[in-house]
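Undergrad: Just passing along the structure, written as structure tokens.
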Amino acid sequence: MTETTPLPDLPAGARFDPVTGAELGGSGERRRSFALQPGEPVASFNLVSSLMPLASGSSPQTYRWALGLGILIPVVAGALGFLAFAFVAAALVVPAVYVVYMYDVNQWEDQPVGVVLGAVGAAAALGVGFTFLWHAGLLGDDLAPVDFDGNGSGSIRWTSFLVLVLLVPVVGEVLKQVGPILLARLPKFDDMIDGLTFGVAAGAAFAAAETIVVNRGLFSSFGRVDSPDAGFWVSLILSAAVVKPLVYGAATGIAVASFSGLGAGYDGFRPGYLRGLAEALAANILFQAGLFFTARVEGTGGAVLGLVWGALIATVLVVRLRYLLHYAVLEAALEAGSAGVALKDTARGTAYCPSCEMPLLAGANFCVACGTSVRAGSKVTRARNRTEDVDLPVPARPTLRTQPAGVAPRDTRTSPVVVAAVVAAILVGGVIGQVAAAGAGGDNQPTSPQDGTITLDPDSGSEDLSRAPAVSLGALDEGAGRAPQAAGGDQIVTVGGDVLMLVPKGFKVVDQEDGYVQVFGNKGYFFAYLNPKKTTLAKLVTNNLTGLQNMGVADLEISEPQTLSVTGLKGAATLSFRGLLATQQGGSIPVEGFAYYFIRADGTGATAFALYGKGALKPKSKLVTGYNVMLNTLISTL
């Protein structure tokens, strides 16, 4: 800061104090008009002026167009079924806009390429590593954040709850702040707007990395689907393109801006930062908790509820960020005025408002006409406004070309370049994702379970049961209605009545009721349930496929049902299926499975089906052996 320049008398019609930004002719307080964009109230949801304050004065429409077109691209792609393209493009929307914004406004004295790449790249790398840790490691065996019962979503899987609702938001928030806080400690980047900028950039980059990692299963045969559920997928895409980066970016921006504090130098780990950190953690936990519970709602309804919940959290964070910026700009100017010093960007010489382009008074921190802060402009604008006038050479001939001084800035001339750069980055990323999916794609249709992997042999099932220990796990053990058992060895389970099933070593019963058993082991599920009423094979197939969709398996594809002949049964059929287990938190996981349907001698029905990750059912694997044992022992008692 330097000594202030004495201000001349205010011109007629002045509405704002040029030093403090206070409204003239009233109480002097400024509670409604946003300091960085006075045409907007402080309490409003405007992404550009909130997250990109240095563009709010001269080029807000540029970034509104960039955001709008950026969001439209993945939404259209997802509605058309190009899911790999859509999710990669969605992940890149906010980071692409923000990187272009940081370069365009060039907030720092040197070219910010290294700074931009460092902040964004470090956050993205941490996001990739941490997301792989919890998604592929800690939750690698869980296909969804809930257990499944016979009717769809069931009890909460508490391991997933603790990981997704506590571990992910807390550790993720700490990792997002590592790079921005290191930069905020440097004198060149210790301003609050610097802290905000790096915090939002890091949060958006972390969100992009997380989105791509959890949806890596789309780089397969599901990169393109023929008849997508547009409402379901568009909800997930909007969450990935807008909601998640806004929540992550705004939360981290609040925390890092609080670390930077007001005025010169950074405040550090003081009460202001602790409060900002607490707000960021609370927002992240609430966001993840809402997504966890809305994922239990079936189908498109759950996806839409998750989107709405995330949008509410994002709105609160953006408004909170606006208040933080608003009062920070006003208080910094007030402190400088009280101390008799000038801010770095205080107007000198011939200067113009970055918003309304009216002349600025010498020594002004705000425009007296519209109240915009001198900070609400690009580096070019601010550097020009704080530079003393110099004598200019007289032109050799009359010209209309803009002169370096004495002419209001026209920074919006780069708008087409900015929008084109953002759109190009998103399109390139989406194309790369779709090409990767096409290269990894497999067969167009699910293969039949009768391909040699799964073998029906009721006689071998009877032999397995005769050799098994005489231990039977009842469906109503100790009156609890459930009998979850850890697999120490082979165990006989009562499915219902006289129907038994042998659960081999390596598998465990995770849910059991009268007429229903769910088993998990070797990264695969096996379900068996009885239909006590007379039925038909067609009804059994329809009920099973409806149940799969209720469990969250989207874009379900099935093979042609095949009829079978099984001794002692009136009818039997089988089919294979595949689809995607998709949620806003867990991403898109390709799953496969097979199902067998049986009509017993008395006309009642039984269904057995398996669900596992794509490619998990390998010949001679423990999963195949276990499925054959459970299926054949079940059939032998039907």
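Just so it is clear, glycine is given a Cβ too, placed from its N, Cα and C backbone atoms.
Sharing the feature lines straight out of TrEMBL:
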- 444-453: compositional bias 'Polar residues' (COMPBIAS)
- 439-466: region 'Disordered' (REGION)
- 71-101: transmembrane segment (TRANSMEM)
- 113-136: transmembrane segment (TRANSMEM)
- 156-175: transmembrane segment (TRANSMEM)
- 196-219: transmembrane segment (TRANSMEM)
- 231-264: transmembrane segment (TRANSMEM)
- 276-295: transmembrane segment (TRANSMEM)
- 301-319: transmembrane segment (TRANSMEM)
- 417-440: transmembrane segment (TRANSMEM)
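Help me understand the surroundings of these features in the structure.
TA: Residues 51-52, 54-55, 63, 116, 120, 124, 200-201, 204-205, 207-209, 211-212, 215, 218-219, 222-228, 230, 233-234, 236-238, 240-242, 245-246, 249, 418, 421-423, 425-427, 429-434, 436-437, 588 of the same chain lie 6 or more positions beyond the ends of the transmembrane segment (71-101) yet place their CB under 8 Å from a CB of it.
Sequence-distant neighbours of the transmembrane segment (156-175) (same chain, 6+ residues past either end, Cβ-Cβ under 8 Å): 123, 126-127, 130, 134, 138-139, 142, 144-147, 206, 210, 248, 251-252, 255, 277, 280-281, 284-285, 287-289, 291-292, 296, 585-586.
Within the same chain, residues 51, 53-54, 83-84, 87-88, 90-92, 94-95, 98-99, 102, 107, 116, 119-128, 131-132, 135, 172, 175-177, 179-180, 183-184, 189, 240, 244-245, 247-257, 260, 321, 325, 433, 436-437, 440, 580, 585-590, 614 sit at least 6 positions outside the transmembrane segment (196-219) and bring their C-beta atoms closer than 8 Å to a C-beta of that stretch.
Away from its own ends, the transmembrane segment (231-264) comes close to residues 1, 47, 50-51, 70-71, 74-75, 78-79, 83, 86-87, 89-91, 93-95, 98, 172-173, 176-177, 180-181, 184, 190-204, 206-208, 210-211, 215, 270, 272-273, 275-277, 279-281, 283-284, 287, 299-300, 303-304, 306-307, 310-311, 313-314, 317-318, 320-321, 324-325, 328, 331-332, 335-336, 554, 582-584, 588 of its chain (Cβ-Cβ under 8 Å, at least six residues beyond either end).
Tertiary proximity for the transmembrane segment (301-319) is limited to same-chain residues at least six positions away from its ends with a CB under 8 Å from its CB atoms, namely 43-47, 50-51, 231-232, 235-236, 238-239, 242-244, 246-247, 250-251, 254, 283, 286-287, 290-291, 294-295, 583-584.
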